[in-house]
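See structure below.
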Number of protein chains: 2
Amino acid sequence: MGIIVQKFGGTSVGSVERIQHVASRVVEEKEKGNDVVVVVSAMGKTTDALVGMAKEICSQPSKREMDMLLSTGEQVTISLLTMALIQVGQDAISFTGWQAGIETESIHSNARITNIHTEKLASHLNEGKVVIVAGFQGMTASGEITTLGRGGSDTTAVAIAAALKAERCDIYTDVDGVYTSDPRYITGARKLSSISYDEMLELANLGAGVLHPRAVEFAKNYQIPLEVRSSIERIEGTYIEEEASMEQNLVVRGVAFENEITRVTVFGLNNALKGLSSIFTTLAEHHLNVDIIIQSQTEQNTTNLSFSIKGHDLDETLEVLEQHKESLGFTHVEYEGGLSKVSIVGSGMISNPGVAAEMFEVLADNGITIKMVSTSEIKVSVVVDEDLMNKAAQVLHSSFHLDEVKVEEITL
Amino acid sequence: MGIIVQKFGGTSVGSVERIQHVASRVVEEKEKGNDVVVVVSAMGKTTDALVGMAKEICSQPSKREMDMLLSTGEQVTISLLTMALIQVGQDAISFTGWQAGIETESIHSNARITNIHTEKLASHLNEGKVVIVAGFQGMTASGEITTLGRGGSDTTAVAIAAALKAERCDIYTDVDGVYTSDPRYITGARKLSSISYDEMLELANLGAGVLHPRAVEFAKNYQIPLEVRSSIERIEGTYIEEEASMEQNLVVRGVAFENEITRVTVFGLNNALKGLSSIFTTLAEHHLNVDIIIQSQTEQNTTNLSFSIKGHDLDETLEVLEQHKESLGFTHVEYEGGLSKVSIVGSGMISNPGVAAEMFEVLADNGITIKMVSTSEIKVSVVVDEDLMNKAAQVLHSSFHLDEVKVEEITL
């Protein structure tokens, strides 16, 4: 039998009782004859409580110290889960990120995994133990504790699965799979039985929230099949693999949306050739993620540049731009907050060129003004006013027939 | 100027507000021109909360996993205190036990420090930073997280002071110094201005509670002056150094007492020669601390052996003895709980041979039956019934004139 990596998020381990339930899910997998590695997040509201204390002390705590603080959350979970497994007679051992050999780059609060030294994990698996690893955290080569940023535990799980050549990585969560859209807001949203890495990647990047995009990327690169499934109910979830075998006839597979988008516009860039790369290199150096980018030529041979960022990155973005105003060479910056992004995703779009046009038409018919557009081979994103987000998502979900259950899916 | 190590216990860092207050005490020391290392414990009730969760899962959690769990407590404190220092403009950096280079033996829950690799601490001190270290924890050579047992943060502080050749180690606590006896129970108990290592060692071992004996031992071995002082009030505490300069005329310096003592008696040891060492070697291998030992010869050339242990070690002690009954060669074991130990301590006893006799007389005059006796050069301990403990301590405190303030101390 192979190695299965299971990941349980914060809600799934939110209390001692929940942790005991997780232990039973782990034992079920182990009893199938598999070697099992379990990656866990901090218990429920722990991270919020820790952040709350830090914020009482200062509004902008040192990122290094935040990593020091937050990484305790998963450490609590791994020890409790290990105790729960030992208690039911399953030999187990816990490891922090640094003990598990998870090496990251030297960036605090949002580090990427650079290497996983698997010797320790492998040797304990060989002894028949379930190995419990703290998600979300790692260590730099110089021994500093780092965290992986939002959704970091997903990344830990998939990276370990890749490093150990696991058979599958199961992402246990409080939803029971990947949906065509968020069922809390969109009428008719349905669970998908399977979806491709690329589609999931677009959905994850677009704020679908069930899985972190970095984790999906890892899974795609190392061809690790994922299953997103419920930690409570014992039902099939959604498989994420190279080619989603079902529903190939659906051009659009999902509608994703996220709010708190801000559009920043840089005016009068005087070096159209170098200005563009300089700005985004500078922002990247500060780990500020830019999403949609629109460039427009003006008279006097200068360029205006708009891009979208997450609202919480606005202050730092404006600061960084101001600091480099001279070298970047622009006149001034404006921004507009209160925006949202709505996207349609589906591999079928590659062979269906009219999809973007259809999307714009549906939105126009419903009186929704598009502020920015971005497309890839398998998705189209538009930026709209925040208060039109749900409406836009709902009309797109219906127009592209995502609420109609396919026969293949039922007979699965 | 030199290096000062400050240690703040759990109550002193029990809330964000307290942590901010501690930051101000740290800055005061730093502003005197000293390099400052701060060792902290887990916040107030954190450890209890963590233990509570573990106990919900199992009554006898794995010691390795308990270390994993409990070591998060100090990690939270170090990051918050560091943030508080940075917030008031004092550059600072936090380190967990393993990051600070604190190497321990491979024993979980009660490990001893074997080495401190000070390079990292020293280099950050040289950069003018205050260095904040998690107390109570370390790492084995193979990368396992260990904890140092009760009072472990004191030990961390003194060990770091020794390794860095610090000028002084200040133990900040919720009492303002070392007293002649516990003022909560003993009328007339007074704060001492100074006390010798040896006296403190006896008092610490006897449950005086302000300082862990291992920490005092370290301080004595490396001649690190200690000061026990209040973390709240800005007043002088008690100095602990090689020769306590004041109050040399006091024969008895303190009265200590502790309850939950159990007397275990092993009957019919058939090898008087080897039996004694075998029993205590076996118990030591299981890290069971034995205190007072009394051996008595019986007819038939067998030996009975009584010793006192902490009540919470009783179950394990009985189990270990039972397991080794054959090889140790004894007939049966009996025990008596509900006992207490009361002790008088003072360097002056060396030259005052009548002190023990005086103690026994005072107790007899007050109708207190002595169950076991143990003496060293500077202390006499007796085991009495638990409900006579306070009375015994009080009459000894008065008889040895500990409630009379000495002129030297007032004029200090």
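Including glycine, each Cβ sits where the backbone N, Cα and C put it.
For reference, TrEMBL has these:
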BINDING   B:K7, B:F8, B:G9, B:G10, B:T173, B:D174, B:Y179, B:R184  ATP binding site
BINDING   B:T47, B:E74  substrate binding site
DOMAIN    B:264-338  domain 'ACT'
DOMAIN    B:344-412  domain 'ACT'
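Taking the features listed in TrEMBL, we show where each one sits on the structure.
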residue : record                 : DSSP class
B:K7    : ATP binding site       : strand
B:T47   : substrate binding site : helix
B:E74   : substrate binding site : helix
B:T173  : ATP binding site       : strand
B:Y179  : ATP binding site       : strand
B:R184  : ATP binding site       : coil
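Comparing Cβ neighbour counts within 10 Å across the binding-site residues B:K7, B:R184, the minimum falls on B:R184. Shown in sequence order, B:V40, B:S41, B:A42, B:T96, B:G97, B:A134, B:G135, B:F136, B:Q137, B:S153 are the residues of the chain, 6+ apart in sequence, with a C-beta less than 8 angstroms from the C-beta of B:E74 (substrate binding site). Summed and averaged per residue, pLDDT over the domain 'ACT' (B:264-338) gives 85.
The maximal spread of the ATP binding site, taken as the longest Cα to Cα distance among B:K7, B:F8, B:G9, B:G10, B:T173, B:D174, B:Y179, B:R184, is 24 Å.
By the criterion of other Cβ atoms within 10 Å of the residue's own Cβ, the least surrounded of the binding-site residues B:F8, B:Y179 is B:Y179. In sequence order, B:S41, B:S153, B:I171, B:Y172, B:T173, B:D174, B:S231 make up the list of same-chain residues 6 or more apart from B:G9 (ATP binding site) whose Cβ falls under 8 Å from its Cβ.
Cα of B:F8 (ATP binding site) to Cα of B:T47 (substrate binding site): a span of 15 Å.
Cβ environment of B:T47 (substrate binding site): B:G10, B:L70, B:G73 lie under 8 Å away, each six or more residues apart in the same chain.
In terms of DSSP secondary structure, the domain 'ACT' (B:344-412) contains 34 helix, 14 strand, 21 coil. Take the CB of B:T173 (ATP binding site) and look out to 10 A: across all protein chains shown you find 23 other CB atoms. Here the Cβ of B:D174 (ATP binding site) has 13 other Cβ atoms within 10 Å, regardless of which shown protein chain they belong to. For the domain 'ACT' (B:264-338), the DSSP counts in helix, strand and coil order read 34 helix, 29 strand, 12 coil. Using a 10 Å Cβ-Cβ cutoff, B:G10 (ATP binding site) registers 24 neighbours.
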